[in-house]
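Per Swiss-Prot, the features are:
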COMPBIAS  1-10  compositional bias 'Basic and acidic residues'
REGION    1-263  region 'Disordered'
MOD_RES   Ala2  N-acetylalanine
MOD_RES   Lys9  N6-acetyllysine
COMPBIAS  39-49  compositional bias 'Basic and acidic residues'
MOD_RES   Thr75  phosphothreonine
MOD_RES   Ser101  phosphoserine
MOD_RES   Ser108  phosphoserine
MOD_RES   Thr124  phosphothreonine
COMPBIAS  125-134  compositional bias 'Polar residues'
COMPBIAS  184-197  compositional bias 'Polar residues'
MOD_RES   Ser219  phosphoserine
REGION    332-373  region 'Disordered'
MOD_RES   Ser333  phosphoserine
COMPBIAS  347-362  compositional bias 'Low complexity'
MOD_RES   Ser353  phosphoserine
MOD_RES   Ser355  phosphoserine
MOD_RES   Ser372  phosphoserine
DOMAIN    378-518  domain 'RanBD1'
REGION    515-567  region 'Disordered'
COMPBIAS  534-544  compositional bias 'Acidic residues'
MOD_RES   Ser539  phosphoserine
COMPBIAS  549-567  compositional bias 'Low complexity'
Amino acid sequence: MADLANEEKPAIAPPVFVFQKDKGQKSPAEQKNLSDSGEEPRGEAEAPHHGTGHPESAGEHALEPPAPAGASASTPPPPAPEAQLPPFPRELAGRSAGGSSPEGGEDSDREDGNYCPPVKRERTSSLTQFPPSQSEERSSGFRLKPPTLIHGQAPSAGLPSQKPKEQQRSVLRPAVLQAPQPKALSQTVPSSGTNGVSLPADCTGAVPAASPDTAAWRSPSEAADEVCALEEKEPQKNESSNASEEEACEKKDPATQQAFVFGQNLRDRVKLINESVDEADMENAGHPSADTPTATNYFLQYISSSLENSTNSADASSNKFVFGQNMSERVLSPPKLNEVSSDANRENAAAESGSESSSQEATPEKESLAESAAAYTKATARKCLLEKVEVITGEEAESNVLQMQCKLFVFDKTSQSWVERGRGLLRLNDMASTDDGTLQSRLVMRTQGSLRLILNTKLWAQMQIDKASEKSIRITAMDTEDQGVKVFLISASSKDTGQLYAALHHRILALRSRVEQEQEAKMPAPEPGAAPSNEEDDSDDDDVLAPSGATAAGAGDEGDGQTTGST
């Protein structure tokens, strides 16, 4: 055991020193020479049995202090003792060079005594899990590419670990939401798509196969080249390359995918694609950017195309029709407006030239809605304009004495009630007669607003007038409708009623006195010889004349009583 422990130290120390060197130090030819040694298949075959059966060797391996880095850099270890190692130390050396467990970190190559290769278990789990298992997929992929644990093809113990320290720890991380980089790498493509759909075989053909048998077919020089290329890449680049390779595989053979992935193959499903969208897709595919993936983000393309279509349609619709514009070109009735204006011009010959000029100015080729409306109203408004006519009422030769607002009622004999004729202006006019210069008076009443004549009567001596109440006067007058005498009632304010009654009573008394004077003038003068003829005849004449005088006196008393009562 002492000899075995002495031989372990030079075999285990080189991986520790070489791990701190530059990662791409070994050349492909040197790796090929190391992998062609004869005892490595046997040591690799014995690895599963000796890993758990020698805990003391693992303890010695864990407690062994590392050598200083300066010594390892100055004096590299000779490869001769490695060829003479027994199977157990060579197994430890190959295991430390090939890779460590994901939980190890920097001390993973020291704790390889209890190591059991979980290669197939992690690879099968990556097939069933969804995108959160990208870290496990990457770790399993990197473990397969350097052929260290596959059927004796492991290089010598001096080969450094092909995985970065960040990838040796299998820590679950959230999905990266950054846009994938345009750089395409064909080395790392997981065996499952982004949505859990299995990718076709030709897409994953560029990547090393997941089974140990297919990995054994590859030469060690190719494996070394891939190790050097993979060690130079960063983990973020690997993630972006995974996404870009998936997109490239989807481009190559989209028809082979049996499951549905949302947002893919929109060109085959949607029939609303224009040539502009196709050209935009070709330009995007020819000039990929870092923000948008190449020809896969169809939604942004459709949004931009819909915005362009909306702007184009808005421009086209704005050029087509605007409400209220060019009415003279669309409407078939403008000639009617011209006819109306011509008719108005015929009626008003004086304003003919001005109206024609205004109509021509108001109807240009392209006029606005307000202008056309103003022209229409101006053309139709001429119909309502009436010529100024001198008003003749027939009262021009008369002088107005009294004017008042009142209501006029007429008495209906059949119904024995008062019927209203209307409400308006009552005027009392005086007119000098041409014969002897006597006054002739009349009452004229017209309705308010329409000025319809509802009362027109002259004053005569036998006209009856009395004051029915403080605010009403009852008179007899001629009716204009049936040309007969009817009883009318004038209702007004108390002041106007008193003034009207006094004026009417004064004029009627003057007419009566005039009639009496005419009667006295017509009576013949008595002869002087016939006067003392007979007393009986005189007494008889006195008896006949007395009733007439009494009646006349009674009538005079009634008139005086009415005048005093009215005043």
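Backbone N, Cα and C atoms are what each Cβ position is placed from, and that goes for glycine too.
Ser372 (phosphoserine) is surrounded by 21 other CB atoms, counting those within 10 A of its CB over all protein chains shown. Across the domain 'RanBD1' (378-518), DSSP assigns 32 helix, 64 strand, 45 coil. Reduced to three states, the DSSP call for Ser372 (phosphoserine) is helix.
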